[in-house]
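S.K.: According to TrEMBL, the feature active site, proton donor maps to HIS508. If you look up TrEMBL, you'll see HIS512, HIS548, ASP549 marked as Zn(2+) 1 binding site. Annotation comment: TrEMBL describes ASP549 as Zn(2+) 2 binding site. The feature compositional bias 'Polar residues' is assigned by TrEMBL to 315-330. The domain 'PAS' feature in TrEMBL is assigned to 157-228. Summarising the annotation, TrEMBL assigns domain 'PDEase' to 432-729. Marked as region 'Disordered' by TrEMBL: 279-330.
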Amino acid sequence: MKTGASTAEVQVGPMRLTQYPIQVLLIFAKEDNQSNGFWWACDRAGYRCNVAWTLESALECFLDKHQEIIVIDHRNSKYFDAEDICRSIRATELSEHTVILAVVPRTSADQEETSVLPLLDAGFDRQFMENSSVTACYNELVQIEHGEVRSQFKLRACNALFTALDHCQEAVEITSEDHVIQYVNPAFERMMGYCKGELIGKELTELPKSDKNSADLLDNINTFIKKGKEWQGVYYARRKSGDSIQQHVKITPVVGQGGKIRHFVSLKRLHCTNENNKQLYKSHREDKHTGDSSQSESGSYKCKNRRKDSVDVKSITSQSSDAPSLQTRRYSSMARIHSMTIEAPITKVINIINAAQENSPITVAEALDRVLEILRTTELYSPQLGTKDEDPHTSDLVGGLMNDGLRRLSGNEYVFSKNMNLSHTHLPVPNTISDVPPCIAQLLDNEESWDFNIFELEAVTNKRPLVYLGLKVFARFGVSEFLNCSEATLRAWLQVIEANYHSSNSYHNSTHAADVLHATAFFLGKERVKGSLDHLDEVAALIAATIHDVDHPGRTNSFLCNAGSELAVLYNDTAVLESHHTALAFQLTTKDSKYNIFKNIDRNRYRTLRQAIIDMVLATEMTKHFEHVNKFVNSINKPMASEETSPHTDEEKRQGLPVVMPVFDRNTCSIPKSQISFIDYFITDMFDAWDAFAHLPVLMQHLANNYKHWKTLDDLKCKSLRLPSENNN
């Protein structure tokens, strides 16, 4: 492979790959001879080079360019923390194949060289002793390219192989030399009825075996493959449901490290027999009821008769030796199913109404018919939009927020252009809550009050309020104790989450997340709320508030769906941003034990906590607003989800997309009317419900004052106001 700006071909086994020019990211606190040395070295080698001077701009650039090599200045902690920057980059999924180099100060002859272990622990791959010579920098970069970068490039190509395996129709299983399952593809999951998580890491001996194989078959197979020979034959396997199926199996040993057999690859397909037809049909029926498999998936394994897929009636009706046991087993299982009472509450209600209709007058029976029509719909709590006083502002506002905004356009693509001009003055993050600077600590003393000023905290923390407020709030609610994690782990987690909020957003930034966290903590502190929640609920609510808008692009779900963005495609135009916020937050959290706040809790508690967090973040989607309010009013047993709204901006017009909510067209909008409509339709009912439950007279007074304020502006016809580019009610 030739070094330079042109593309190069790389051979990986039988695969021939094309590698494009190397990209390098230089992260330095200021320009000096060392940064210039690496810059000119990149120019000599033909690499594409970017320079970042802050953590925020570095993350933004890396997420945009995905550089193969990153060089971080580790010579002076006065300007920024190089290890924190490295950890933040490693927290992103894209950094898995990136080589990160630390530039360390040169040691004198009488000094003992320091250990590289702290650097490795922080996520660095190598260290470079300070040397501004262009040749020295060039040699270092070229060695990295021909060493780690080339290896990572080959590893990255494995994604294509795994994609092929995932779509392969044959069941594939890969085990270690000790027969520990390392990988199974979706076809294997469908054939055997297991999900991947139930198999990975288990030894083959732990799985149930069919009693239909000969006693020495497994020994014969092991004898073959341990000698490095491939084995093929017919083998009975037991599905998760307990059924035995006959498979044609091919097992191939794979030589790895040390020239020894390190893996066994098994390819499996159904052996075409009538028994397999019956067993698979039965399994498919069961899977259909339990949701384990779709018809199209199971259909790919149906064994067909060679005579134009006709059914062999004689073979099906023949009395084979195992027919009685199969029939007995089938009838007994069906009897168990019919003896069970599986009935949804809504079905019980409908049955009661049907019974009441029989002896009711015609007028009552007709009214009950209309009730039944309503009950049979799938969205009982989602109101149909009606017009209030035929006010177009109200119709636009409520309609736009409640629908998904899908007005289809053909051939419309959109790619985010990210703002690279991010510069936050560096402020050291405290090791513990007691290390907070006095000016910040003084502000945080008032964090339990509803009047706490989040913008003052934003100012004194240089737009990093989430870490500081998070440490204080989480300490007050005993989050570290509940999760059994250290304060250092919690602090690192808050740093990673805040780093993934876009400070270029005027609204959906980490200040907004801190504001929601403060409001959530305020509500959780109310006596009636505390009496309805346990500690897990409180922790879930605080974590959900912290992550609920992480990596928000400053665009609405409607915009992303109309633009055909990657996120909209990934999440099928359904709760696009809310799904992304949750998924990314858990990916960032579990990527590294240094900031994995869940690493010390048991599996059952983690699953319960995770589901609660997911439910809360998904509930912030505005199309579900009325459903949640109505459920809250009817049951008073769940905390109300946050009512974050997402209006559209001028970018819709620039992209040629429809303006889903015309009320937010800056050329025609009336802010007072839109705010009055929003309070009338969204806020009042929700606050009434909260006040009835938690008794919050202060908040009700705030609401009344706000309503009076906007009504006054409307009366004065203050139409000169204009919405900012990225706004929220």
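Placement of Cβ uses the backbone N, Cα and C atoms for every residue, glycine included.
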S.K.: Select one residue from HIS508, HIS512, HIS548: among these recorded positions, choose the one with the most other Cβ atoms within 10 Å of its Cβ.
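M.R.: Answer by Cβ density within 10 Å: HIS548.
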S.K.: From the DSSP assignment alone, can you count helix, strand and coil residues within the domain 'PAS' (157-228)?
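M.R.: For that range the per-state counts are 34 helix, 12 strand, 26 coil.
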S.K.: Quick one: pull the CA-CA distance for ASP549 (Zn(2+) 1 binding site) versus HIS508 (active site, proton donor), whole Å only.
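M.R.: Pair distance, Cα basis, whole Å: 7 Å.
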S.K.: To what whole number does the mean pLDDT across the domain 'PDEase' (432-729) round?
M.R.: 81
S.K.: State the Cα to Cα distance, in Å, between the residue listed as 'active site, proton donor' and HIS548 (Zn(2+) 1 binding site), rounded to an integer.
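M.R.: The separation of the Cα atoms works out to 10 Å.
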S.K.: Just how many other Cβ atoms lie inside 10 Å of the Cβ on ASP549 (Zn(2+) 1 binding site)?
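M.R.: ASP549 (Zn(2+) 1 binding site) is surrounded by 26 other Cβ atoms within 10 Å.
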